[in-house]
Structure formats: structure tokens, C-alpha cells
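Colleague: Structure incoming, see below.
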Amino acid sequence: MPLGGGNKCGRCHKTVYFAEEVLCDGRSFHRSCFLCMVCGKNLDSTTVAVHMDEVYCKGCYGKKYGPKGYGYGQGAGTLSTDKGESLGITHEEPAPHHPTSNPNPSKLAQKFGGSDKCSRCGKAVYAAEKVIGAGNSWHKVGCFTCATCNKSLESTTQADKDGEIYCKSCYGKHFGPKGFGYGQGAGALSHTQ
């Protein structure tokens, strides 16, 4: 983030502050600047289409860069000759495709440095094997176990204390109430000194 409070807008190149920021394709925009380059419609994540460094609504993008010819008209069996000149669209040869050199395509992984780390083993935890407990990520198999007895846990059978997870039984033994009536089984007495 450059000095001056925020990123620069992809359209007007002025500072964009957090409250008014819209992110698209790695660039920041003011909400009021996040408009189609051709027709000026307001855009959002469901209506935006990006080509090079320009943002379009899906309609204008389709007219400018979409398929042309028989079968791509407005209705069944029509041939559209409208190339969008009325909207100020000029036609040019498409730029050659340059594949990304980034081996990890996930924008989230790029921003936060990859996957979460397991609180028990410290290795990477991926979405298919991840369980959240005590506010941390854990491997479902092998790591999401009681810190005391190593019993496998579920989200409904775990209790946490200071970032560590326990089964309800061990949690009760270590951190639950002590004294008469709080024994291990029915009618059991516990002597604590």
C-alpha cells in the first residue's frame, strides 16, 4: 500500500480508502469508478468481465470480444451484424494469450501465503482435510484428537482451553469443578487435597 492512506484507483488513479474500495483482478477501484468502460453501468462481482486492464459489463464484453457470426445473434436463427459501434466499441485484434507464471492460482493463497498450518503437527492443512477447533486449523485424521488421551474428536465432542483441544471427559477431569458430587462415575467420590 503506497503512502497516503490507500491503493490507487484503477480508473482515476486517486487514493482509494478501505471503506470505498472494490477489488477486481488484483486492482483497487472506488465504488463510483467501478463502471463498464463502454456503457458506464455500475459493476459488481457478478456482472464484471475483465480484458487486459479494462473492466466491462458482460453485455459490452460479449459484443466487443465475444463470438461473431451465424448462431450468435439475439434470437433463434438470427444473424447479428451489430458490432457495438453505437456504444463506441472499436474492433482490434485480440492480444496473444500469455499463461501465468504463478504456480498457485489461488488469489487467497497468494495473499495469505498458502494453506493454514495444523496446530498439532505444524504441517499444511488443505480444505478437504481441515477441521476448525479452538479457533485453529487441524488435520481431521491423526491431529484432531484429545491432548490428554489421544481420542479422536468431532466438533460436537471437543472442548478447548488455551488453544488446546480435549475430549469432554478429559476436559472435565482437568478443568471442571472438583469436590463432593463431581466424581468420575455414578456415586463416585473424589478426594482432592
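Numbers here mean position along the shown chain, with the first residue as 1.
Keep in mind that glycine also has a Cβ here, set from the backbone N, Cα and C atoms.
Among the features that TrEMBL reports, domain 'LIM zinc-binding' is placed at 7-67, 116-177. What TrEMBL records for 83-96 is compositional bias 'Basic and acidic residues'. What TrEMBL lists as region 'Disordered' is 83-106.
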Colleague: When the domain 'LIM zinc-binding' (116-177) is classified with DSSP, how many of its residues are helical, how many are strand and how many are coil?
Modeller: 11 helix, 22 strand, 29 coil
Colleague: Helix, strand, coil: count each for the residues of the domain 'LIM zinc-binding' (7-67), based on DSSP.
Modeller: 14 helix, 23 strand, 24 coil
Colleague: Taking all residues of the domain 'LIM zinc-binding' (116-177) together, what is their mean pLDDT?
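Modeller: Average per-residue pLDDT within the domain 'LIM zinc-binding' (116-177): 87.
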